[in-house]
Amino acid sequence: MYASREDIGYDFGDDSKVGSKPIKPNPNIDGGWAWMIVLSSFLVHILIMGSQMALGILNMEWLEEFNQSRGLTAWVSSLSMGITLIVGPFIGLFISMCGCRTTAVIGGLLNALGWILSAYASNVHYLFLTFGVTAGIGSGMVYLPAVVMVGQYFQKRRALAQGLSTTGTGFGAFLMTALLKYLCTEFGWRNAMFIQGAISLNLCVCGALMRPLSPKDLREKYVVRSDSEENRAKALSHSTETIKSNGVLSEEPEKKEEVANEEVHGSVQHIETGGKSGSGRSMYGLRILKTVSQLTVTVRKGFALWYSSYFGAASLFTNRVFVAFIIWALFAYSSFVIPFIHLPEIVKQYNLSRQDNVFPLTSIIAIVHIFGKVILGIISDLPCISTWNVFLMANFTLVTCILTLPLMQTYIGLAVVCALIGFSSGYFSLMPVVTEDLVGTKHLANAYGIIICANGISALFGPPFAGWIYDITQKYDFSFYIAGLLYMVGIIFLLIQPCIQKKQPRENSTEEAQV
């Protein structure tokens, strides 16, 4: 659903400088194995984001099984969806130390474990831990490497590759909705979750396909860039260079650590060549010391890079427009998620299950969402069109649909509104561009990570809030009205702050003229 952190400048690869000697480009960059990476990322979006968008089917089963309030039950789905995005910055630490492939494989196992353990749930609180937390963290550990690897393997065709891989979200929502509905009908929700857990093991296969580029390949990727692209890459990798310039990851400490490791290794070899029987314990201890030393260096490097990338951007919060953008993100994503979780039950209350079984409303949102991302991206690329205006118009359309949806009580009316929700939510593809316009390329990577975290918080609290409102009013109408009004407040913040920013320079220039 979202653009890659690699696509916006977040790079976990080696950014070392190379000489001016021409190097033959790696055939796997922009071609070859790169398309296998796109396929892997596409499947990850289907299995993770698609499954999360189909959780409304399971939410109905949990309501009937455990007979709990809608607000409490909705926490299961929202925890899984929210944690997937919120843990993104912290998963970056694992990627820095272990690489994308290892992180994704472990995440696939954890996600599958969460689904399988949830099949044995005895109450909703059990699902909080197994499905919400366990499967959510596992999803985050696979999702971030999937989008990062696409950025590493592509240079010229990066936009095309990201677009192809993220369309898996729409296809996944359509396929997983039909699959979960069939499995729940034929085998019951417990067996359905068990089978889905087995299917989720394919995430490990997707992770295994994420073959890392060697440092030499990464150098070749940067050498073949044009001058303008090199300048942009230097600006986007500012956070990493800052660490190096401050000495956190300077070459001297690394050399010292390497020397220490060589000394330990030499001592081990010396003891081995000595052939003394009494030196066995010392040799074993030195081997452990060597392993711990290497692990310590790896952890320190990864943590320093991760800390600087995500917490070294305090100056971002002095930008009022960016703060307004964060407030918008806290309200926006929940308005997109709430229909996916609660629409199946709304359809049941309106006695529209027969029509919905033929073509589910959530599937309509998912399919049109694919076209929305592509069409809005094409429109915003036109020279006479402002990306910011397209972004705002899409938001106004979406909030209007959220406020209008409770008024529709026929399948045709709901289908039309859901189609508009899917199309207007295609503004997700414009978020990296809008973020860059607000903070500049220097802070783009960190700023976009913060926005994604805000979206995760929105997904975490949105569905339970809607369910809690239903428990009080016995209607979903007020849930959509309140969510729409809060969303409108976020949009108003986006409209007010640019006006203030423009007004302040004019006032300052007037004062200078008077002086």
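These residue numbers are counts, starting from 1, taken along the chain as shown.
Every residue, even glycine, has its Cβ placed from backbone N, Cα and C.
Note that the structure is a prediction, hence the values are computed from the model and not measured.
Within its own chain, the transmembrane segment (33-55) has Cβ neighbours under 8 Å at 1, 76-77, 80-81, 84, 104, 111, 139, 142-143, 146-147, 149-150, 153-154, 161, 164-169, 171-177, 179-180, 196, 199-200, 202-203, 206-207, 209-211, 340-341, 362, 366, counting only residues six or more beyond its boundaries. Per TrEMBL, the feature transmembrane segment maps to 33-55 (among others).
Note on the domain 'Major facilitator superfamily (MFS) profile' (37-502): its mean pLDDT in the predicted model is 78. Among the features that TrEMBL reports, domain 'Major facilitator superfamily (MFS) profile' is placed at 37-502.
If you look up TrEMBL, you'll see 75-95 (among others) marked as transmembrane segment.
Per TrEMBL, the feature transmembrane segment maps to 102-120 (among others).
Panel annotation: around the transmembrane segment (126-148), residues 2-7, 10, 12, 40-41, 44-45, 48-49, 52, 62, 75-76, 78-88, 91-92, 94-95, 100-101, 103-104, 106-115, 117-118, 162, 165-166, 193, 203, 206-207, 210 of the same chain, lying at least six beyond its termini, place a Cβ under 8 Å from a Cβ of the stretch. Residues or ranges marked as transmembrane segment in TrEMBL: 126-148 (among others).
Residues annotated as transmembrane segment in TrEMBL: 160-180 (among others). Below 8 angstroms of C-beta separation, residues 1-4, 7, 34, 37-38, 41-51, 53-54, 56-58, 146-147, 150-151, 153-154, 192, 196, 340, 360, 362-363, 365-367, 369-370, 373-374, 377, 429 of the same chain, each at least six residues beyond the ends of the transmembrane segment (160-180), sit close to that stretch.
What TrEMBL records for 192-210 (among others) is transmembrane segment. Sequence-distant contacts of the transmembrane segment (192-210), counting only residues of its own chain at least 6 positions beyond either end whose CB sits under 8 Å from a CB of the stretch, comprise 36-37, 39-41, 43-44, 47-48, 51, 58, 100-105, 107-109, 111-116, 118-119, 131, 138, 142, 145-146, 149, 179-180, 183-184.
Residues or ranges marked as transmembrane segment by TrEMBL: 321-341 (among others). Through the fold, the transmembrane segment (321-341) approaches residues 53-56, 59, 74, 77-78, 81, 173, 361-362, 365, 395, 398-399, 402, 405, 418, 421, 425, 434-435, 438-439, 447, 450-451, 454-459, 461-463, 465-466, 479-480, 483-484, 486-487, 489-491, 493-494, 496-498, 501 of its own chain, all at least 6 residues removed from its boundaries and within a Cβ separation under 8 Å.
The transmembrane segment feature in TrEMBL is assigned to 361-379 (among others).
For 386-405 (among others), the entry in TrEMBL reads transmembrane segment.
The annotation transmembrane segment is assigned in TrEMBL to 411-434 (among others). Among residues of the same chain six or more beyond the transmembrane segment (411-434), those with a C-beta under 8 A of the stretch's C-beta atoms are 1-3, 7-8, 163, 166, 325, 336, 339, 343, 347, 352, 355-356, 359, 361-362, 364-369, 371-377, 380, 387-388, 390-391, 394-395, 397-398, 401-402, 404-405, 444, 448, 451.
The feature transmembrane segment is assigned by TrEMBL to 446-466 (among others).
Residues annotated as transmembrane segment in TrEMBL: 478-496 (among others).
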